[in-house]
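Pulled from TrEMBL, these are the features on record:
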type	residues	note
DOMAIN	B:5-77	domain 'Putative metal-binding'
DOMAIN	B:306-396	domain 'P-type ATPase A'
TRANSMEM	B:167-186	transmembrane segment
TRANSMEM	B:206-228	transmembrane segment
TRANSMEM	B:235-251	transmembrane segment
TRANSMEM	B:257-278	transmembrane segment
TRANSMEM	B:420-438	transmembrane segment
TRANSMEM	B:450-471	transmembrane segment
TRANSMEM	B:735-755	transmembrane segment
TRANSMEM	B:761-786	transmembrane segment
Amino acid sequence: MSVIYILLAISIIVAVVFFIAFIIAVKKGQYDDSYTPSVRMLFEDEIVKENSNKTILTKKD
Amino acid sequence: MSNNTCFHCGLDATSSTITFDDKSFCCHGCKTVYEIFSVNDLTCYYDLQQAPGATPKDVEGKYNFLDNTKIVEQLLEFNNDDTQIVTLYIPHIHCSSCIWILENLNKLNPAISTSIVNFGKKNVRVTFNSKSLSLKNLVALLSSIGYEPFISLDDYSVGKKHIDRSLIYKLGIAGFAFGNVMFLSFPEYFQVDGFWIEKYKPLFRWLMFFFSLPVVFYSAQDYFISAFKGLRSKILNIDVPIALGVLVLFIRSSSEIIFDVGSGFFDSLTGLIFFLLLGKFFQQKTYTFLSFERDYKSYFPIGITKIAAGGTEESIQVYDIKKGDRLLIRNEELIPVDCILIKGSARIDYSFVTGESKTVSKQSGDKLFAGGKQLDGSIEVDVLKSVEQSYLTQLWSNDVFKKDKALSFTNITNRISKRFTIVILLIALIATTFWLLTDSSKALNVFTSVLIIACPCAIALSAPFTFGNILRILGKKKFYLKNASVIEQLAKINTIIFDKTGTITANKETAINYEGSQLSLDEETLLKSTLRGSNHPLSRSLYNILNKHDILTLDTYEEFLGKGIEAKYKDHNIKIGSAPFVGYTNDTATLNTTVHVSTNNQYKGKFTFYNAYRKGISQLFNTLKKEYDLVILSGDNAGEKDNLTKLLPTKTKLLFNQKPEDKLEYIKYHQNEGANVLMVGDGLNDAGALAQSNVGIAISENVNVFSPACDAILDASKFNQLFNYINISKSAIKIIKWSFVLSFIYNIIGLYFAVTGQLAPVVAAILMPLSSISIVAFTTITTNIIGRKLE
């Protein structure tokens, strides 16, 4: 049962890593605008006019 | 005939015949924008939203001040070698199409590398290559597609704003700690006995302690600071019981684990702070949409063209204008300072300052006031006063703007919290003395338990959530309030004062009446053709109401400013204008605006222009008069008195010829008599009155041009909903009172446990979040229900 020390240590480290990621995201300004990304996400990708290169999958080999 | 609307902007296109690509447009501007988009493969713009565009305005020469590098330097966020970054405020951003097109700007001009839209703030941040594209050309590009930016002195003088993200950090830390502490306190909840639990209990408890430290000392900082400030000024605001509760929770929990007496209340502590911060966060989000912080500076142009001694034109900053300078003011430009007209014919639109849409013509030697917009060509003026000393600025420096309305009004939350704190302390003291006498070991336990469980969180949460939701609902209905205290003030008013012009009259519609001999078909055709050539607003209104005629090409056409128009076709000649111009000498001095017509020197008749009142106004006034005293203060003459008496209920007071100072004094007088005044007005000259009244509402046809002294902005189309909006404010107060009742129930249950010394951490951990969540749910659901009743 003393394995619980290791388990706790690891889980706390993982939690803190995510917390640091949160802090970095806030610092970079990702939380400044919470509405526009929700709209941006739904835009379609542009259809590229030039013909794309034939992929390997279409080669009949 | 099918109802044809412009494919680009959605306005009526039945009278125009412009089509392109099988789609109809209302004007060449809209068609041009469509062409730009289809050539650059950007027609996806129209797929996301129907008719999302705006007619592009002619900006010839308007942005010449952007040639001045000093000005450009102040506007840019980043300027390095060949890259520049600028954030521009674009009022027309209103839908997903706007976001799409503005983020695809690089397809229109490859010198633009990225552009990011912030929808909430309605701005776009553009990174572009400054060697191939100048800021001026960027602005011109945006204007050409209908997204003209609004560049104001505000942007110019403030510079980079420091964004405050501390609330998000605090909320993040509190949430993180709350989750982890709940997780760690689980073993203790179940009261299971066992060797393993006993062995690891201290470890878990100390971990909880360390998680709570940043929450108490960083996240809850604001509450301690605010409580301290409140106590110093001898006010018991809502933060005092909160700070007290947090402090007691922390001290008791820490001492419990140090002396191994119990597991402490860290879960309730972190949970409490988390929910409180959540409330604050929600409140903050609702305020950011509409910016009320504009002052007069944002209305003035940034750069002005000065004519130097040698006759050369140079672009200078508005602040550099000195008395005696000669300025060139172009078509559609704002006059920034008081000045004298030297050269050119001035036709000034003072609707900004007075709310009157009819233009004023001035001659050389006349004085022009700041705030007017010049129409019809350019003029040269000599400056009389600098920006700081002009009439407009002085109107604004009036003391009434310096007083902060919010300070003198204690809101409902603070009133309740005063009593709450005192009552709780009393209960704690009584319970403690009781236990000291009966069983003194429990005394301290009971004292701290009472302070812990008496949750002020309901009181602290119900107001932000209720008001926040109401602000959001009203915003959707185009009634924008400055902040939550406006709702409370609105619920208390008993007198409503209306301005006349622009408030109860609609600027855009004017009813026109013809008296005189019937015009023949030829004469009407001639009349319409002549009016077509004139830009005067009266001519334009008249032109629109005349029946459709074939337009003739006139032989001669001449417009005499301030007098009228004269035109000739074949052997007919027509004169349109003022009575003396037309040759009609019998005209008795009327108070109405009239346009007379004579053909072949024979007097025919006159067109009289009447104010059109907004739809539904009688009904609105009749409903309002049941509960409020109504007054109309007008800056106009008494010409409309009869009309108004017919239109409005009998007890309405009508006062005319009121100057801005008169309106302000009237309101002050009635406030001293005990009235709570709501003032509804528009135009900058109402600003003093709007600021003095308890609540000032500005009616606006375009929400981006308004008087900043107001507490709320109401879109003109929703004017007849005023009564319903005031009722909603009253319902909001009722909802808050009910949520207080709900929280009292929780408090009584909790106090039962506390006073009898039975407050286990698990009980606290259940009761406190439960009360917070149920209050939030209750207020949100009820506010949404009353919001749905509004159409």
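Heads up, the Cβ atoms here are built off N, Cα and C, so glycines get one too.
All annotation found in TrEMBL is predicted automatically rather than curated by experts.
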In contact by Cβ distance (the transmembrane segment (B:235-251), the transmembrane segment (B:420-438); 3 or more pairs under 8 Å): yes
Outside the transmembrane segment (B:450-471), six or more residues from its ends: residues with CB under 8 Å to it: 238, 241-242, 244-245, 248-249, 252, 265, 268, 272, 275-276, 279-280, 282-283, 285-287, 411-413, 416-417, 420, 424, 427-428, 431, 481, 483-484, 487, 728-729, 732, 735-736, 739-740, 742-743, 746-747, 750-751, 753-755, 759, 764, 767-768, 771-772, 775-776, 779-780, 783-784, 787
Counts by DSSP class (helix H/G/I, strand E/B, coil) across the domain 'P-type ATPase A' (B:306-396): 16 helix, 34 strand, 41 coil
Per-residue pLDDT averaged over the domain 'P-type ATPase A' (B:306-396), given as an integer: 76
Secondary structure composition of the domain 'Putative metal-binding' (B:5-77) [DSSP: H/G/I, E/B, coil]: 28 helix, 10 strand, 35 coil
Which of B:206-228, B:235-251, B:761-786 contacts the transmembrane segment (B:257-278) most, counting Cβ pairs under 8 Å: B:206-228
Long-range neighbours of the transmembrane segment (B:761-786), counting only residues six or more past its ends (CB under 8 A): 182, 185, 188-189, 262-265, 267-268, 271-272, 275, 279, 452-453, 455, 457-458, 461-462, 465-466, 469-470, 473, 728, 731-732, 735-736, 738-739, 742-743, 746-747, 749-750, 753
Outside the transmembrane segment (B:235-251), six or more residues from its ends: residues with CB under 8 Å to it: 212, 216, 220, 222-224, 226-228, 265, 268-269, 272-273, 276, 413-414, 416-418, 420-422, 424, 448, 451-452, 454-457, 459-460
